[in-house]
Amino acid sequence: SHSTSRQQNHPRGHYGLTSPISLALPNDMDHAHTQKLIEAMKPFGVFEDKEELYQRTTVLGKLNNLVREWISELAESKNLPPSIIEHLGGKIFTFGSYRLGVHTKGSSDIDALCVAPSHVERSDFFQSFFEKLKNREEVKNLRAIEDAYVPVIKFDFDGIEIDLVFAKLSMPTVSDDLDLRDDSCLRSLDIRCIRSLNGNRVTDEILRLVPNLENFRLTLRAIKLWAKRRGVYSNIMGFLGGVSWAMLVARICQLYPNALASTLVNKFFLIFSKWDWPKPVLLKRLEESFLNLPVWDPRVNPSDRYHVMPIITPAYPQQNSTYNVSTSTRAVMVEEFQRGLEVTDEILKGKSDWSKLFEPLNFFQKYKHYIVLTASAFTEEHHLNWIGLVESKIRVLVGNLERNEFITIAHVQPQSFPGNENLYKQSGYVSMWFLGLVFKKVESAEKTNVDLTHGIQSFTDTVYRQASALNILKEGMKIEATYVKRKQLHYFLPAETLQRRKKQKVSDVSQGNSGLQCKRSSLGESCLGSSKDRDSRAPSNSSLLNKISKLDASTAETYVFEVVCGMQSLISRPNSKSQVSPAELEASVALRTSGPPIGCTIPGYNTVSQLRPCFVQGHHKLSGTLITDPKSAAPKQHYSPTSK
């Protein structure tokens, strides 16, 4: 009767909500497969123990008291009457994984919302409360990302990672029994406060809409583990974040209300590997409200029509939680859905076990061409601020690369890596990100030059200008982008990160819905866990690294952008009608940025911006044809922000 009741409440006939609901009851085999799934997940620490749960609860209690104390102190500084200060209140709400009940052991952070009364401004949160946190001994790794879509303060509190967002309500006090599900709490709020409140409102609505919480939570744990192992869990990088994965799982739970987790995981991959993107995923109908706030609706909002993988939040005002997804990241995720379907089909047939689903992706064997993006700063504090900003803008670089007519995939690895010892000595604190590139097959046999100059420099200009606007740009903050081939990655990463599994079959996978094709290699060893290691390579490796990235001493006081794009994407074989295969695609590209554009002032630095070409000779042998011809590159079209 419960299932029938839930079925009658399901929205129908709108945006893909017309799929039939399966009422089949689970059998003994389903229970057995689910138990095996649980056993396969245990080694990864996805189930939190009671001690950690107690620690998180304690931390949230301390943080709640700290917020109340800050709100009272702020009221005193603004000369509010003592009678009002006594009843101001203030409260911490949780959302995301912790609120959903799927937080993991050891590594999962807590998404929290600070709700304050009307006398508290957002500037107070990012200034006086930030300073209050800064003076606490138990607070580490504190940084503010004020320009994010949902502005946030990130920090560790007694070893627990906290992402804290802020919303002030248009009421003088915040009571302990405040219910954020009531739409009236959104009245007269600015859009950033509404976005912050939506985290909690969406999480509670998801929990309300699923037919069986236990099955939902176990399935979501499995999908989140799979997504992290396969490198597709990162909203900031253009993949899906926790709330988007939760909504996809919730939709499957609606379609199969009686199914156990093992079946739900398989149906998850079945449904979404065949989903007709960009048809949106919705948990209920889009609703109107007396508040008349903007909601996701491509019929009304032209910008919504460009979303390539819309997953719509169920709480008013409904928004697309996947606005960061690009054609490249969608293509990567669809490929992973297809692999997940193949693997879970084998598991349910008894031909494999659940551990295969959670085998990690070896990103560094997947592609032939890579861009290494390096962000560095002289001090640890500056570095934390700098990498937070750079990371939030990497999807801009992905978008720039996608717009290049010769690139079909620009796949960023969400995990960052520390710089090796040589980079650390040269630049201070260093973080690196890696992007895999797939170049389009060119029909013509003529030499083709691919120029990435504009896309790279446009990205770096965006980062530097944002840093300057936020007043966080300091001496020593640099971004460097270097093109490398797969065989050159060992100059940047330790051998254990790049270690390859036994050779497996490589096949072409067609991306039907996205219209992208990419040659991809199969599974490899995990790159997880090795990113914290310092450089373990031989000292001689520094010589090539210096050749790739070392600045000329004469330019140390200027900002230099060096680039050559002499990429021969397709070359005729001598005395032959045949062409070079896509697998033989080679490139000779060196990219470098080493400072901000005009208009971004750093104390102690010359503010004159220079652009100059610099060739890095590359000898690439293609089927008997030796390429040593950087002169064949197309004329450089240097991008200058002042030309705008």
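One-based numbering along the chain as shown.
A Cβ is built for glycine as well, from the same backbone N, Cα and C atoms used for every other residue.
Counted within 10 Å of its Cβ, the other Cβ atoms near Asp163 (Mg(2+) 2 binding site) come to 18, all protein chains included. The feature ATP binding site is assigned by TrEMBL to Phe95, Gly96, Ser97, Thr104, Asp109, Ile110, Asp111, Asp163, Lys224, Tyr233, Gly242, Val243.
TrEMBL lists Asp109, Asp111 with the feature Mg(2+) 1 binding site. The Cβ neighbour count for Asp109 (ATP binding site), using a 10 Å radius over every protein chain in view, is 17.
Long-range Cβ proximity for Asp111 (ATP binding site), meaning a same-chain Cβ under 8 A and a gap of 6 or more residues, is found for Thr94, Phe95, Gly96, Ser97, Tyr98, Arg99, Asp163, Val165, Gly199, Gly242. For Asp109, Asp111, Asp163, the entry in TrEMBL reads Mg(2+) 2 binding site.
Residues annotated as compositional bias 'Polar residues' in TrEMBL: 1-10 (among others).
The compositional bias 'Polar residues' annotation in TrEMBL covers 507-524 (among others).
Annotated domain 'Poly(A) polymerase nucleotidyltransferase' per TrEMBL: 16-210, in sequence order. Here the domain 'Poly(A) polymerase nucleotidyltransferase' (16-210) returns a mean pLDDT of 90 for the predicted model.
Among the features that TrEMBL reports, domain 'Poly(A) polymerase central' is placed at 215-359.
The domain 'Poly(A) polymerase RNA-binding' annotation in TrEMBL covers 362-421 (among others).
Taken from TrEMBL, the feature domain 'Poly(A) polymerase RNA-binding' applies to 425-503 (among others).
Positions annotated as region 'Disordered' by TrEMBL: 1-20 (among others).
Feature annotation from TrEMBL assigns region 'Disordered' to 503-542 (among others).
Among the features that TrEMBL reports, region 'Disordered' is placed at 625-644 (among others).
Per TrEMBL, transmembrane segment is recorded for 231-250.
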For the transmembrane segment (231-250), sequence-distant contacts whose Cβ falls under 8 Å of one of its Cβ atoms, 6 or more beyond its ends: 96-97, 100, 102, 111, 199, 202-203, 206, 209-210, 216, 219-220, 223-224, 264, 268, 272, 281, 283, 311-314, 321-322, 324-326, 328-329, 332-333, 336, 360-361, 363, 391-392, 394-395, 398, 412-415
